[in-house]
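Here's what Swiss-Prot has on this protein:
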BINDING   His83, His182  heme b b562 binding site
BINDING   His97, His196  heme b b566 binding site
BINDING   His201  ubiquinone binding site
TRANSMEM  33-53  transmembrane segment
TRANSMEM  77-98  transmembrane segment
TRANSMEM  113-133  transmembrane segment
TRANSMEM  178-198  transmembrane segment
TRANSMEM  226-246  transmembrane segment
TRANSMEM  288-308  transmembrane segment
TRANSMEM  320-340  transmembrane segment
TRANSMEM  347-367  transmembrane segment
Amino acid sequence: MTNIRKTHPLMKIVNSSFIDLPAPSNISSWWNFGSLLGICLIAQILTGLFLAMHYTSDTMTAFSSVTHICRDVNYGWLIRYLHANGASMFFICLFLHVGRGLYYGSYLYLETWNIGVLLLFAVMATAFMGYVLPWGQMSFWGATVITNLLSAIPYIGTNLVEWIWGGFSVDKATLTRFFAFHFILPFVVAALAGVHLLFLHETGSNNPSGLNSDTDKVPFHPYYTIKDILGVLIMITVLSSLVLFSPDMLGDPDNYIPANPLNTPPHIKPEWYFLFAYAILRSIPNKLGGVLALVLSILILMLIPFLHTAKQRSMMFRPMSQCMFWILVADLFTLTWIGGQPVEHPFVVIGQLASVIYFLMILLIMPITSMIENQLSKW
């Protein structure tokens, strides 16, 4: 008799995705981040659900309701900080996952890659709206500054901003709709992640060598289930250490001051995971130019498959490209640092240089480096 996991309509899907899935025998720990992102998403949806039970999306009570969660709800402080720092873990895993894709040429699976970029956009939108909900100073001013950027769109800009705000400034209507969107978007992300996996399983996973691995596959379970569980345990250790020892390390102290439209914080800045994009936005003195650069800094990922000039897929055997890749990583760290600094000399110039290097690396330097490597290896 055939095993039930291979015949039952629902279990068959689980079986072909997580149990009998043929996986390359040599995928490294860099391939763990997909499963970690899945765990992060589930954790965020669950903690978010419990927070939503006690949260009120009204400008008069939002800040107080978050205080109430932390003080009066059983383990409310734990749920709140797991949710806030869980977002940071989510983005750490996202950036490493994207970095892995860039390094090993996984972007050549076009559908999987493009849906991944859409996922990145959706998660960033969710995180932005979630940051507005506690209705602290940084929540309010962050929402004001970022939504205001849309006014740079010619002709419809001002109307668009007021439509999003639901009035003439960020107020009750804005908070209520942001809460609604923040609640629904993670489920959209979950659906997109399902499609992401669907397309991935059409081709199978890439591997560190970038070569076809059809001749050497192993079943996903038990090999990679065990490997993924180790990754999950490490992530839980890091997250719980962060939550239990220094829950506010990655947050902004200004967000413990209730939102006040009459008082602007000295330095308006987003959460750390948006700082690189924020630095690119600020490095251009023109409003529309800055907004375009901000969007392109992520959208440029969709161009990467078309900029692949190398004969080999992975960077594993391409030392010059490796060097360029790590310069790009260092540049992103620089941008993240600059995004958190005030707008003054020398930070402005460093930010502008780092922004130019970011776009030059991806659009010009890395494709040219690959061409040089092709010549050197006598292809």
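First residue shown is number 1, and so on along the chain.
Just so it is clear, glycine is given a Cβ too, placed from its N, Cα and C backbone atoms.
Values in this document were obtained by computation on a predicted structure and should not be read as measured data.
Structure coloured by features recorded in Swiss-Prot.
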| residue | record | contacts (Cβ under 8 Å, 6+ apart) |
| --- | --- | --- |
| His83 | heme b b562 binding site | Gln44, Thr47, Gly48, Leu51 |
| His97 | heme b b566 binding site | Phe33, Gly34, Leu37, Gly116 |
| His182 | heme b b562 binding site | Gly48, Thr126, Met129, Gly130, Leu133 |
| His196 | heme b b566 binding site | Thr112, Ile115, Gly116, Leu119 |
| His201 | ubiquinone binding site | Ser16, Ser17, Leu21 |
Candidate ranges 33-53, 77-98, 113-133, 178-198, 320-340 - greatest C-beta contact count to the transmembrane segment (288-308) (under 8 angstroms): 113-133
Best-contacting stretch, by C-beta pairs under 8 Å, relative to the transmembrane segment (33-53) and drawn from 77-98, 113-133, 178-198, 226-246: 77-98
Contacting positions for the transmembrane segment (113-133) when only residues 6+ beyond its ends and CB under 8 Å are counted: 48, 55, 57, 62, 66, 87, 90-91, 94, 97-98, 101, 106-107, 139-140, 142-143, 146, 174-175, 178-179, 181-182, 185-186, 188-189, 192-193, 195-196, 199, 270-271, 273-274, 298-299, 301-302, 304-305
Per Cβ pairs under 8 Å, the stretch of 77-98, 178-198, 320-340, 347-367 packing most closely against the transmembrane segment (226-246): 77-98
Same-chain residue ranges lying at least 6 outside the transmembrane segment (320-340) that approach it to Cβ under 8 Å: 99, 102-103, 269-270, 272, 274-280, 282-283, 310, 347, 350-351, 354-355, 357-358, 361-362, 365-366, 369-370, 372-373
Intrachain neighbours beyond the transmembrane segment (77-98), with Cβ under 8 angstroms and 6 or more residues off its ends: 30, 33-34, 36-37, 40-41, 43-44, 47-48, 50-51, 66, 69-71, 116, 120, 123, 127, 130, 235, 238-239, 242-243, 247, 250-251, 271-273, 301
